[in-house]
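**Q** Let me begin by handing over the structure; questions about it come next.
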């Protein structure tokens with residue numbers, strides 16, 4: 001081939017690549033207009049919008065700025081929190097033209113992930129005023145409270161290798177390790193045994209720090225209890241209030257090691273994100289100690305201001321701040337000093353005080369019965385699936401982070417340009433896994449669909465039994481943690497039929513359902529494994545996450561559908577449903593029945609959750625949802641269709657725009673009892689229980705857990721489709737269906 005022919009071939013190739021980039025750029029512009037109201041300009045300007053170049057995509061300001069600066073001098077770079085795009089304004093229009101030409105379609109490596117940038121001109125960029133929000137009343141942040149030498153001395157004083165429980169109580173919790181001095185804080189009852197002090201008091205190395213606190217009038221009396229928490233990257237602690245009856249007013253928290261962000265939440269919905277630098281002291285008194293919850297969302301990166309706040313009295317509003325970047329978390333060790341209380345608490349916040357409010361908990365309503373007809377099944381699912389997911393949508397979404405590897409492998413195997421439908425998409429974490437496919441999601445929960453829209457995904461509200469898409473319009477479908485929420489065999493089969501209807505001939509569908517067998521091939525699923533290690537005395541007080549909380553194991557067993565069908569036998573000696581009533585499952589334990597109710601502990605117990613009707617209620621709930629920009633994700637384990645609501649952190653199969661990388665799905669110990677006492681009641685028609693020590697609302701979701709071979713047998717009832725493969729994935733039964741070419 002001579003040189004001229006080679007050049008012509010290269011020109012054709014470049015032309016095809018350019019056309020592909022142009023298509024992607026136009027699609028990105030359309031998405032920005034539809035979901036964000038951002039209009040792009042046809043003519044060159046000095047300002048551009050950078051699709052896929054936002055904090056919500058895991059792109060830091062430093063990484064994006066470095067790429068943009070290669071094209072010319074920047075005037076402004078605006079990156080809004082949780083958004084998958086950014087705005088840039090260059091000093092000259094020529095620099096903007098250069099960026100538009102050379103950066104369109106460019107891959108940007110961001111840590112372990114890469115994103116493809118698509119740039120479009122915009123006429124102007126409005127920059128919001130970057131103000132500060134006041135800290136909660138009674139909260140004081142003192143930066144650089146200890147020196148680097150003191151920090152090293154304090155960290156060395158904690159001997160993590162010692163396991164003598166009589167001296168210091170040490171716990172290896174799922175998402176942090178903990179050591180108690182002076183008195184042990186008991187996570188089973190959220191209190192301390194004041195008559196049983198530990199042999200080891202507060203370490204001597206801490207005394208100069210406490211004396212300085214007294215001298216500076218941060219505290220009036222010397223603490224006698226210390227809890228040391230060590231958090232690795234990606235770990236956190238659920239929102240909580242330290243139990244009133246256990247400790248006196250002032251609480252001191254010294255942060256050593258890596259910087260992190262702690263969220264304070266008021267019962268009225270206000271959220272203040274406080275950046276805690278290393279070696280800083282946080283002082284909680286009064287309202288901030290007694291009324292506001294505080295917690296750390298489990299994630300690998302935090303959004304923080306480019307420059308730390310100048311005044312310790314204020315903190316940037318991370319919800320509207322545009323001068324933000326991503327800060328990768330490292331190991332953080334916190335020293336929390338408290339004074340044991342020996343008299344009942346008489347604080348000014350009786351609604352949140354366990355000493356002052358002790359009404360007897362109402363008896364929980366009787367569990368429902370198994371449905372005997374289609375109408376009963378629809379009512380059961382409305383009450384124990386749809387309404388529950390609407391009520392917990394924000395909390396649920398905040399617990400769903402990382403996509404499951406096997407689901408990602410299926411999505412990545414789809415050819416570019418394929419049409420994908422995620423039926424029961426939840427917060428849409430799988431809609432962004434393969435950017436080369438046309439992905440659309442649907443879910444019964446308006447609240448979860450709203451979260452999808454906020455994250456820039458295409459999604460609409462729909463029942464999984466009747467999806468408003470054309471027959472044979474999809475190359476692939478996924479149904480992750482959905483079909484097990486249907487309460488009769490007929491309705492589960494109808495859900496499979498609807499997936500098959502959507503597929504083109506030759507198209508494939510991936511289905512995940514929760515497995516009855518949580519121990520398979522001599523391996524216990526993650527769902528069961530951590531029980532004895534963390535809460536042997538209280539198995540019900542563990543994670544909310546059921547089938548989705550387990551970490552996929554590498555050694556997955558794949559078998560043919562024929563073998564599975566042959567192996568499907570009803571389990572003998574299975575517990576009968578008492579009087580036709582569904583049983584309430586104890587989290588993290590083996591199943592003893594296939595049809596059951598699984599508890600979800602809503603950890604924002606102070607938040608009043610109300611069932612509202614009419615457009616007014618919907619607007620109020622949308623307003624609540626708009627306050628929650630957690631950007632986290634969930635699997636499609638929802639079939640909800642009408643209302644929506646609120647709450648906060650734990651995990652499942654899906655795409656994580658909250659920068660929680662890796663395949664680990666279980667990223668929070670949210671449903672462990674934490675040092676909190678949320679006391680407000682929650683109104684809802686769903687079944688819920690309240691513990692005496694910490695009456696946070698508990699919702700119950702209906703599940704039908706599948707026995708081995710049952711899913712293959714169900715799919716085998718649909719003509720014109722065959723099971724291509726099936727496997728067990730950490731407590732879930734999974735199949736890949738293929739629609740026959742003749743259909």
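Backbone N, Cα and C define each Cβ position, glycine as well.
In case it helps, TrEMBL gives these features for our protein:
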- 550-569: compositional bias 'Basic and acidic residues' (COMPBIAS)
- 602-627: compositional bias 'Basic and acidic residues' (COMPBIAS)
- 628-641: compositional bias 'Polar residues' (COMPBIAS)
- 655-673: compositional bias 'Polar residues' (COMPBIAS)
- 674-688: compositional bias 'Low complexity' (COMPBIAS)
- 46-124: domain 'RRM' (DOMAIN)
- 222-341: domain 'Fe2OG dioxygenase' (DOMAIN)
- 531-571: region 'Disordered' (REGION)
- 602-690: region 'Disordered' (REGION)
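Just tell me what is around each of these and how deep it sits.
**A** On the 0 to 100 pLDDT scale, the domain 'Fe2OG dioxygenase' (222-341) averages 84 in this prediction.
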**Q** With DSSP as the yardstick, break the domain 'RRM' (46-124) down into helix, strand and coil residue counts.
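**A** Summed by class, the stretch gives 22 helix, 30 strand, 27 coil.
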**Q** How many helix, strand and coil residues does the domain 'Fe2OG dioxygenase' (222-341) contain under DSSP?
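**A** The domain 'Fe2OG dioxygenase' (222-341) comes out at 5 helix, 62 strand, 53 coil.
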